[in-house]
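Listed in TrEMBL for this protein:
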| type | residues | note |
| --- | --- | --- |
| BINDING | Cys407, Ala408, Ala409, Pro410, Gly411, Gly412, Lys413, Asp431, Asp458, Asp475 | S-adenosyl-L-methionine binding site |
| COMPBIAS | 1-12 | compositional bias 'Basic and acidic residues' |
| COMPBIAS | 19-28 | compositional bias 'Basic residues' |
| COMPBIAS | 46-60 | compositional bias 'Basic residues' |
| COMPBIAS | 67-76 | compositional bias 'Basic residues' |
| COMPBIAS | 77-99 | compositional bias 'Basic and acidic residues' |
| COMPBIAS | 104-118 | compositional bias 'Low complexity' |
| COMPBIAS | 182-191 | compositional bias 'Basic residues' |
Amino acid sequence: MGRKAKFGDDGAVKQIKGPGRKAKKQKPPKMLPGLPKLEGDDQPKKLSHRQKQRASRRVKKKEERKLIKKEKKKGVKNIDDVENNKNESDTTKNIKNEIVKQFSDSNNSWLKSKNSKSVIPEKDDDIESYDSNSDIDDEVTEGNGLESFDEDGLSDDDDYLAGTLDDVDSSNESGIEDTVLKKKKSSTKKRKAEESDDELLPIEKAAKKLKAAKKKEDAEADEEMKMQINVASQDVFVFPASDKIDEHIPIPEVEQRIKDILLVLSNFNKFREENRSRQEYTDLLLKDLCTYFSYNTFLMEKMMHLFPLEDLMSFLEASETPRPVTIRTNSLKTRRRDLAQALINRGVNLDPIGNWSKVGLVVYNSTVPIGATPEYLAGHYMLQAASSMLPVMALAPQENEFILDMCAAPGGKASHIAAIMKNTGVLIANDVNKNRAKAVIGNFHRMGIANSVISTYDGRHIPQLFKNFDRVLLDAPCTGTGVISKDSGVKMSKDETDLQRCFTLQRELLLAAIDSLNFKSSTGGYLVYSTCSVLAEENECVIDYALKKRDVKLVDTGLSFGTEGFTNLRQHRFHPTMKLTRRFYPHTHNMDGFFVAKLKKFSNIIPKNNESEDNEEETEINNIDSENVEVQNTFEKPVANIKKPKHGRGKNRAEKKN
């Protein structure tokens, strides 16, 4: 490409003089200082500000190295005069002990430091100052990987660092000498200390280490004491005035007041206000907890009676967070290892639920819906909470047994029983709700269970229909205080009337389950009672009632973990064997709140009780709500229609006419 032509008025091309845009003359190159000048370049080039700084640094470093070398020579002569009786091997050993500071005495025999390289230049230093003509000694000793050291114990790095550029001044050479002398003194002190350590016996070294450890512990104890003093010196909680207790305050202030009240109650004599009783503090705490966690007063008061104050907050906070998703492998169709591999291939992140279960898996996250995978539709696993596996494990069903699940819907526990029985024997899966029984049918078909009979009778009438069961599982209906994370409506909907209805129904179901057991069974005669509630009225009180009304005893559940049941709680006093029952909490075991008890029947004898106890039982039964009465009446009809077979045509015709 050439220059663009320009034409005049007459059409002739104008000739433009001078260089074009792309043909400008290039400036001559700038040469670095110190290089020979080019021919014809007589005038000296001016140095830049940066080049002047680097040149001055080079001069200062050369002067510094000369001074350090002089000091080295003087130091070597003095050391030779003092230590002329020592061998060279001892000096080299002391030097090595001085350098390897990062290793302890027990490790320096087999640990070696890495090969240290030469001093790294600073960013501002010129590369030319580290050429082959520099005075820095970068030689490395062969064999041990350590740098070369002079006899005064100073390495080349120490010599270089003894006088930094910030300390160097061309007009003040005495400052350099002072820094070099200080460095020498510190190095000699360290060397003497290490020599004294080498001369000590092993027991003396151990005593020295113990003293150092004790000093460290004392220092930590002093710091902890200071922290406690600071905590004690904080402002004490001021109880609000009577007219301000009912005022609405923001949630953050409610949370802080809860913490303050818990601190006061933890050491009441120290932090309480004068003329204030513990009941006043607990009443204010009850009000704040109901506000903060959205509970009604009745249920929160029950929780405060059940848990100590230090565990109460942990339980309430754990009940707000959902539990991990868990699944149970169907051993009739697959193994847990194969199921886990298949789900991992589909993008499911899972692990075994724990050592206590051989079929459980916990799912952390999944890229596919865990309830709609081909494995789920094929019946390879069941979505089931970890706590729901515990009653079946306590029941321990055997093959070829006659077993009853009195409240079976939606079929998780019943299908677990059938899988352990390996589709042998007979399993009666009963539930009073016909709509929920449809879920049992669907799950049984999907999981390939073929030894079950599904019924929809009222559990209280089971002894009139079926008897002589080897084992019975009763997962009784309850208030659901252990599964608040699944149903938050429990916090405000349950009151004293609901609790009364629940434990009255639970007592009747438990007595009916005991009556349907066969105590002469060679393999069984066991009953497992479980609820998803943490209240003592639905658990220990019901079991204690059954121990008085029937000839049964509590036995070990066989579960390897869990908290023991209560033997006494406030005004209640339970049977001493109640410690064989097991409780499970969200904040302790990371599963739903659950209660499991295992009973063994010894005879059909019904113990005689006092008339007062019978009257109490009658009043409790009369307190059942109208809904339970209606359910009872609806299930009395099929029971009444079940008649024994009669012989003779005349009798049958008369019955048909009637």
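One-based numbering along the chain as shown.
Even glycines carry a Cβ here, placed using N, Cα and C.
A TrEMBL annotation is a machine prediction, not a hand-curated record.
Taking every pair among Cys407, Ala408, Ala409, Pro410, Gly411, Gly412, Lys413, Asp431, Asp458, Asp475, the residues recorded as binding S-adenosyl-L-methionine, the greatest CA to CA distance is 20 Å. Contacts of Cys407 (S-adenosyl-L-methionine binding site) defined by a Cβ separation under 8 A and a same-chain sequence distance of 6+ are given as Asn430, Asp431, Val432, Gly459, Leu474, Asp475, Ala476, Pro477, Leu509, in order along the sequence. For the compositional bias 'Basic residues' (46-60), the number of residues in each DSSP class (helix H, G, I; strand E, B; coil) is 12 helix, 0 strand, 3 coil. DSSP states for the compositional bias 'Basic residues' (67-76), grouped as helix (H, G, I), strand (E, B) and coil, give 10 helix, 0 strand, 0 coil. Around the Cβ of Ala409 (S-adenosyl-L-methionine binding site), 24 further Cβ atoms fall within 10 Å across all displayed protein chains. Neighbours of Asp458 (S-adenosyl-L-methionine binding site), defined as other CB atoms within 10 A of its CB across all chains, total 23.
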